[in-house]
Amino acid sequence: MPPLRFSYLANRSIARDLILWLSGIVLVIILLLGISYKFYFNRQFQRELALRSNQILEDVANALYFPLLHLDDQSIRNIAGFYLDTNDYVTGIEVVTDFGDIIVDQVPASFDDLLIRTKTLYRNGKNIGTVTIYVSGETLMGRVKNVIRSVFLASILIIAVMAICTRLILHYLLNRPLEALIARIRRIASGDYTTPLQPVPHRDLNAIIEAVNSMAREIESKNRQLAESEKKYRSIFNNATEGIFQTTISGRLVTANPAVAQIFGYRSVDELIDQVTDLGNQFYVNPADRERLIEQLASEGMVSKFIAPMRKSDGTTVWISLTARAIRDKDGNVTMLEGTLSDITQQRQMEAELRHAQKMEAIGTLAGGIAHDFNNILVAIFGFTELAQMHAEDNPELMRNLTEVMNAAGRARDLVQQILTFSRKNEASKHTVFQPAKELREALSLLRSTIPTTVDIRETILSESCIRADPTRFHQIVMNLGTNGFHALEDGCGILEFTLMDEELLPGQAVSNDLEPGKYVVLEVRDTGAGMDEATMAKIFEPYFTTKDMDKGTGLGLAIVHGTVKSWKGTILVDSTVGEGTTFRIYLPVVPDAEEEKSDAEKTGPAMQGRPARIMHVDDEETICKLISMYLGDLGHQVTSFTDPAKAMSVLREDPEAWELLILDVTMPEMPGDRFAAQALKLRPDLPIILCTGYSSRVDAEKARQMGVAAFVRKPVRMSILARTVGDILQNRGTPGQTDGGTD
């Protein structure tokens, strides 16, 4: 198609018309402005001059009022002179008294163009003088002329600007309109829609330009919407935390977002698509799971929350929750699958942890109940055996047999403590100084009963040093490391070796940056299991990291061990070789020149009988009531025992002063011992009270101390220990709130 040609004469005609119209408009505007300015400023000048004259006359009259009243000629002249000198409008002033004397006669030679104003001043209706001023409008007229001059200059400037703009407009809109129009149409034809055609001062051309611009806007709008839609989809696709995928029915990935690559351990989507050619065998731990997924999609069209274990690129297992739908061809056959997936491994670990915590809570509750009942039995065994020993001093053989009974009861007591420790119902509330060797022996005793005999558990204890830590936590650390070592043994067979020894770190000895030079107790736990590589060792202390099966751990054990050891100012090191085993070494600082802290009950010494006293004993176990009554009765005390706490409280209310000491069991029906003690202290605040318990979540030693209880005794308590506690209290050797371990 030949290029369009337009007559240049048409443009000249438009330009001529435009210039004529603009010139006429400018002339009319200037003419109207001139006429308007003339009438407006004349009226404004007269009004402004009259207002100023009246205002000045009032000011002068007010200033001369009192001088005229008092005929103060000098003041009158001074005031008149002041106005003549300072006011540009005042050219003359005449002041005449009521007697006709002219005091000021400053009258201009010519009155032309002057405005004359006169005012007579009165005092109580009597004329006191006349003031006349002569006002010139030259100053005001000068201002008006300045305004007119400014308006004129502004008009000239506007005309000049309009002339320049007109020239520019004519240059850009009339000299080259067709060339610009053709050039821009060609750019639109090549795909450039961003710059619209500018209108020109010709309506025929503008109609063409508007039609072209409308077409360009429509095309550009559709392209922009398409690009924005693609951008939004791509942003959602790339930034989604859930994996988005599309696969063929044969198991090949067509597309996937970065989340899929991240979940399965690939560096990029391209690497994922290139390397994964068979989803069923490469991703699914059990390829039958994919077949089951395809069957469900074929029958239902969509599957939600399909859960299956899958493999990452490094071979580790992750649990995947998958939602997908089937894409069918025109014949209804499933050709592709698309959907989303997410890694729920941590969620399943947390669920397993919750189930484990609930199980441990149930075990703990059961253990607490068993401990309470069994401790009461042990109290009777300890107590009646001690009673028998008191009467068997002349029978050595019987005494030996009774000693064996006491030893067996002691082992039973230790077993109860281990059960409570295992169920975390006997956690220490503060750190103490103790020998880890003792806790290690007890923990290994429990560990041997929980691990199959196919595992050879070896112990080497070369340290009797003391550390400051939580004995219960130390016990749990040994159990945790032992259990981990057992799980690492292939087929449940191998060696677990525990070594406790002393080691002194010298300055510059780089065992760990966390340790300062000094003496340490070192617990070494070694297994002959599968071992770990460097990548696994770097993560073993991270929460929720685990290499075990889902039913064998939550990944919290070593993280807790690490945090606990750090809180004791120690450190834990690990060394492992794949195929040979793993060794953990825990360094804990030695407490220098320390002896193991013992409870009051563990301190040796004769039982203090004290003075005979009237004692109330309350325990729901009749056997214990009988035992304590007999034992303390043999020591000279008058003991009254109650198995019904309500009845005991009724007796106490009748005469609180009749009793010198209360011995209360904490765990009792209807009225627990701590509540009984609180009510008793309200009746008599100075009444000494001993609380006894094997395990109770209601009260501990600290709470008992805050209540004002004299002593807190742990069951099973030996009668000699209880007797010494009673004697100490009666002789004022105890301190309110004093605790007693109750064992020795």
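Note: Cβ is positioned from N, Cα and C throughout, glycine not excepted.
If you look up TrEMBL, you'll see 20-40 (among others) marked as transmembrane segment.
For 151-174 (among others), the entry in TrEMBL reads transmembrane segment.
According to TrEMBL, the feature domain 'HAMP' maps to 172-224.
The annotation coiled coil is assigned in TrEMBL to 212-239.
Annotated domain 'PAS' per TrEMBL: 229-297, in sequence order. Over the domain 'PAS' (229-297), the average per-residue pLDDT in this prediction is 87.
Taken from TrEMBL, the feature domain 'PAC' applies to 304-356.
Per TrEMBL, the feature domain 'Histidine kinase' maps to 369-592.
Taken from TrEMBL, the feature domain 'Response regulatory' covers 614-730.
For ASP665 (4-aspartylphosphate), other Cβ atoms within 10 Å of its Cβ number 26. The feature 4-aspartylphosphate is assigned by TrEMBL to ASP665.
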Long-range Cβ neighbours of the coiled coil (212-239) (under 8 Å; 6 or more residues past either end): 184-185, 188, 193-194, 196-197, 257-258
